[in-house]
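Participant: Taken from TrEMBL, the feature FMN binding site applies to S13, M98, Y99, N100, L101. Summarising the annotation, TrEMBL assigns domain 'Flavodoxin-like fold' to 6-199.
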Amino acid sequence: MTANTRVLVVTSSILGAHGQSLGLAQHFQRVAQQRGDLTLKVRDVIADDLPHLGLEELSSWQVTEEERTAEQRELAARSDALIAEVLDHDVIVLAVPMYNLGIPSQLKAWFDRVLRAGKTFRYTENGPVGLVDGKRAILLGARGGKYAGTAMDSQTPHITHMLGLMGISQLDSVFAEGLNMGEELKETALSDAHQQIEALVASL
Ligand SMILES: Cc1cc2nc3c(=O)[nH]c(=O)nc-3n(C[C@H](O)[C@H](O)[C@H](O)COP(=O)(O)O)c2cc1C
């Protein structure tokens, strides 16, 4: 990457300061700051408390700016701002807890606003085409159990395909797994994940 690479860190743990994915994101930030040539911004989708995407907000995207009511302008601005933030960064780091085999619903609410036809992807006769070029993504996953590489891991393909829909196909993943399977396993998993994060930061 070029000097002054811009990194957006998206956090989504509901466990506050105890969030393990937050801990991974913070380690990423610490190591990244030591480099001195990376600009970091954090988007905490839990603090943002994004509501589920509903019809009114969706409808606000489907009319031109001139046609929008004041309320529709406000609703459309949510997604516009989140998309602009993604476009403004070179690397998107997603710190993702596993909740009930999936992603936090607040993170889904973020994706629902960032994945927008006509803005970040478009439909063609051959299927959707991503409109977001030249970015890479890093997934920092925290999980109570162990799923990576198994058929039970439906979370990773979901994230991979949502990023892919926008055109972000370069994805590196670090998983801290087995965090609820005993202290020893947890310590090893976190320490391994930290090392992998350090290698990834060095690769930016
Ligand atoms: C509501 C909830 C649901 C969870 N579901 C799963 C699950 O399906 N599979 C799993 O391995 N761990 C599950 N866990 C454990 C979390 O993955 C683990 O606590 C992890 O550290 C969550 O990330 P966080 O600490 O960043 O919030 C769940 C935890 C919570 C709070």
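Glycine residues also receive a Cβ, built from the backbone N, Cα and C atoms like all the rest.
How buried are these features, and what lies next to them?
Facilitator: In this structure, L101 (FMN binding site) belongs to neither helix nor strand by DSSP; it is coil. Sequence-distant contacts (6 or more apart, same chain, Cβ under 8 Å) of L101 (FMN binding site) comprise Y147, M152, S154, Q155.
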Participant: Largest pairwise Cα distance, Å, within the listed FMN binders S13, M98, Y99, N100, L101?
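Facilitator: Largest pairwise Cα separation, rounded: 14 Å.
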Participant: Counting across all protein chains shown, how many other Cβ atoms sit within 10 Å of the Cβ of M98 (FMN binding site)?
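Facilitator: Summing over all protein chains shown, M98 (FMN binding site) has 22 other Cβ atoms within 10 Å.
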